[in-house]
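**Q** Just dropping this structure here.
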Amino acid sequence: MDGKKARGRGARASFSPHHIPLRPLFSSPTTHRSQDDANPISLSLSLSLSLINGTDFVRETEQDKERKGLTRHFLDLIHLCCGMDEANTEGTRQASIAPAPSELPESPVASSSEAGHSEQRTEQDETTQEGNSSYKASEIAGRFIQVIDPKPHVDTAAPIDSVKGAVSKFGGILDWRERRKEIQDELDKVHVEVAKYQKWSQEAEAGKARALQELESTAKAADELTQSVEKAQTAESQARQDTELAELRLRELQRGASESAAAKAELDAFRDRRDAALAELQSARAEVASLEKQRAAAAGEADAVAERALVAAAASREAAKAAAGLAAEVVALKRELESSHAAHGEAEEKRMALAAAFERDKARWQSELEEGEVEAKRLREELMAACDVEIKAESAAELLANLKAELLACTVIDGTTAPEKPSSDNAMMRLEKARKELEEVKESIGKAKGEAYHLRFAAVSMRDDLERQKAELAALQRKEALSAASIPSLEEELKQVTSSEAEARGGNDEVHDEGKMAEQVDEARREAEQAKEKARSAREEMDKATEEAAVAKAAVAAVEARLEAVTREILAAHTAEETATASANALMQTETLSEKQSHQGVEEGGVTLSVEEYEELSRRARETEEAAGKRVMEAVKQIKEAKDAEVRSLEKLAKVGRQTEQRRQALLAATEEAEEAEFAKLSAERELRQWRADHHQGSSSRTGLAEISALDDPAQGNPHILSPRGGYMPRPDAAMVPAAEADAKQRKTTLFPRMVMFLARKKAQTWK
């Protein structure tokens, strides 16, 4: 046993951090490659290193090399930590092996004590060595983190308080073989993804190389274009110098042109040369412009290629990051596998403890269930006894009700006593009174029904009037909108007329006629403004009328609500009537029964009642009669209130109807005035057009004016007002101008009667 302990301690000592030769951070990873071949973690790490090294990259900068060196050092350090943990785990397992049977002592007491001491020493050694190894590993990790990132790091993870928490944290009780299989599958998936990302990185590098080639080709093309542009510029400068020389020679030849005819011929030749040079210069300029355009296009293409190269570089960087993340994920999966192996034993122990606790709880629950069944049986018996008692109580209550009914029947028998005759007379009087009240209630109900019918009819008629007024208001709004839309076009035409009049005024001698035309135009403009004001006021009146119509509609809704309340009161009165008739019939039946029983009592001796009982019965009868009378009075009062509300709503509705009628009349008058103003404006335009035709100062054809010549036909009326949706008619052609000149005097004489006829026709159409 001591030998095995020594061997276990030796094994642990061989893997302790004091004896492991730590490689420096910036040493080459190839020196310890042979020691890591047997470890699957080293294989996965070497695979990730081969991916991160980027041997397939086309170009490698100094920064990439430094980054790869740091990644190698980091992964070597992780591998070192994993090897220390595995050494500690193996030492712990060797130390926990039980001693051989040959080394056990003979005395059972001594053997148990020595086994206890040995187990305590083993546990102390394990705890000390595990504490040292964990302390050294954490110290190495802390130093590495300080080298990589000097900023302070705080561990914010929640501590594990119990074994249950640790088990739940690592996924609960699971089969470690199945878990290992799942982790192996995940590791295979990660390897596949690593190969895929490597392929993507190679494709990204190939795209990057293609983009660089395209960039170089575009740069060469741009250089060639710049050279061609420079050549064209030099050619342009030479051509410019040639033209200048040609101009100088031309001037010299012009000076000596009078001396000889040969000089003239030479001058013509020089002119031809000059023209040819100018043509060459223009062609060179055109070529330079085209080269500039090609250069701009090549620059844009070069920018696009540069952007594609940047995108490819970003994609390659993302692929490298994804590969690094996958390598880290592989390491994490390995660690999770080891932790799941370590937690499997503890999970099994916890499962056994939970199974024992479940058996104990099961036995306790069985005993509680038996006790509950006994208690339920006892409660069931008590419930049966309570049901029997309840049935007996119901039978006793029925018997008591029957006895009370017999007592009431006995109390109404008053044939033998002396004061019983006036009581029967009083009952007859009360019965007659109740009948009269019922008849009054019936009459009031009939009146309420008639009034409700009248109210419904009035509400329907008011609703029809409101709909008709709404339709009229909508038609008036459309007409006003059309007239308001025609006013700006007419004003624009008036402005055009005044401008043409001002142009014609310069060459015209008849100043007096021009002043008259200007006055007529101003007067027409004023009339148009007045018509606009009246239309605006009519629109305001129309808005007020719509508001009042809404108020009337609300009043109609209130009347309908009151009608509904009246119908409800009528239903209540009907129910009261039915209850009163039922009570009267009951009184009549009790009277007939009392008479029969009185005769029988006289014959058979009967039953006598005390005075207190008789007074109590008579008091109850009076109270029931008073309650019925109060109900009837309340119903009549509510019917009267409904009538008053109906009268008030009808008065308010009639007032609103009168106001809407007045405003409708005002709106009609305003529209008539607007039409008159518009007609006057059109007549002024017609006179202006005639004046321009007389003086041969016609302007271009104007769209947007109505034809006044349509007034010749009395059956058609004014098309501008009667059919505003069709728009304004175009101006007549030049062929129709003489006919207009011929009919000018006749139109002046017949203008006013036709206006009167038009207004009468318009009013008749409105009333229709």
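Count begins at 1; order follows the chain as displayed.
Here the Cβ of each residue, glycine as well, is placed from N, Cα and C on the backbone.
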**Q** Of the ranges 144-199, 424-479, 704-759, which one does TrEMBL flag as coiled coil?
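**A** Range annotated as coiled coil by TrEMBL: 424-479.
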**Q** With TrEMBL as the source, which of 19-46, 47-74, 355-382 is set down as coiled coil?
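**A** Coiled coil, as annotated by TrEMBL, spans 355-382.
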**Q** Same-chain Cβ contacts of the compositional bias 'Polar residues' (225-238) under 8 Å, 6 or more residues past its ends?
**A** 281, 284-285, 287-288, 291-292, 294-295, 298
